[in-house]
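Below: the structure, in structure tokens.
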Amino acid sequence: MGDWSFLGEFLEEVHKHSTVIGKVWLTVLFIFRMLVLGTAAESSWGDEQADFQCDTMQPGCGNVCYDQAFPISHIRYWVLQIIFVSTPSLVYMGHAMHTVRMQEKRKLREAERAKEARGAGSYEYPVAEKAELSCWEEVNGRIVLQGTLLNTYVCSILIRTTMEVAFIVGQYLLYGIFLDTLHVCRRSPCPHPVNCYVSRPTEKNVFIVFMLAVAALSLFLSLAELYHLGWKKLRQRFVKSGQGMAECQLPGPSAGIVQNCTPPPDFNQCLENGPGGKFFNPFSNKMASQQNTDNLATEQVQGQEPIPGEGFIHIRYAQKPEVPNGASPGHRLPHGYQSDKRRLSKASSKARSDDLSV
């Protein structure tokens, strides 16, 4: 059937730069398709036309009936299927090898320029340049595709998936699923319907079902690989978008600074600084006691007659020592009233205790 070594060497290179599912697909292609097709299936269809017997002596009728029964041999059809399905992978391999060569040349040029700039010595590429130049990375021993190489790889999977579906549908339309033992031919130049018999139909049916199952498995692996690459790409985008949103929600350096608000004009009348820098309620027992004392003195003064020649009473308050918040001093007249030396009793018609003590 030919030498498969050339195709095998190329597919081995593809195997090095593929994902895990892609490596499984290549294993299925090597073992279950190329190996089985080259060893067992070819021997079953080797005597296909010679053992195709028809019950007629009409010249040319047997060839016409064989062409009607088998428009293309199963072996040749499967060989074409393998070639067309493997071609996208070969294109991807060519692109990968070209990319590797270009990267090596670029690194050599950069190294030569660095040596010329520094005079001598080895040059090591920074990590950023390596990531920028390479089209894949090795993470934990696995190759992570990225960039244009990833796009080429996805396109190769799409093309081989389309080819796989086309060849499966074509085989079903040409032959169906199983071969019949008896084939009735009604083509010219056969004078009447001619019965033709297929050799070893059961063995051929086994190989046909096996190759269809392998094709379905390869199609499933291709779809699984597309799903794997697409899901991983979407997950990376979601992770990047989540990180971007988290960075946007982080407070800036000036967000934690609390701005001091300007208090209202009468704020100091409501709050006073107590001992230790704490605020306490100004309406304490001290303030209440002082207010009661003032009210009592005012009532006593208002109960007396006014002094002639004076329109109002002059009241003088003296500073009192601070009384603790919990203590309430007794009700007594302020010092201003006790030390007042004016003779209010002479101007009043009422008798007072001061008038009797001369």
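For all residues, glycine too, the Cβ spot is worked out from N, Cα and C.
Going by Swiss-Prot topology annotations, Ser18 is found across the membrane from Lys204. Against the transmembrane segment (77-97), the recorded stretches 20-40, 165-185, 206-226 differ in Cβ pairs under 8 Å, and the greatest number is found for 20-40. Helix, strand and coil counts under DSSP for the topological domain 'Extracellular' (41-76) come to 16 helix, 2 strand, 18 coil.
Tertiary neighbourhood of the transmembrane segment (165-185): same-chain residues 54, 61, 64-65, 68-72, 74, 77, 80-81, 84-85, 193-198, 201, 204-205, 208-209, 212, 215-216, 219, selected by CB-CB distance under 8 Å and a gap of 6+ residues from either end.
For the topological domain 'Extracellular' (186-205), the number of residues in each DSSP class (helix H, G, I; strand E, B; coil) is 5 helix, 4 strand, 11 coil.
The predicted model assigns the topological domain 'Cytoplasmic' (227-358) a mean pLDDT of 55. Remote same-chain partners of the topological domain 'Extracellular' (186-205), defined as residues 6 or more beyond its termini with a Cβ less than 8 Å from a stretch Cβ, comprise 44-45, 47-48, 51-56, 58-62, 64-66, 68-69, 74, 178-180.
Long-range contacts of the topological domain 'Extracellular' (41-76) within the same chain: residues 1, 174-175, 183, 185, 187-191, 194-200, 203-204, 207-208, 211, each at least 6 residues beyond the stretch ends and with a Cβ under 8 Å from a Cβ of the stretch.
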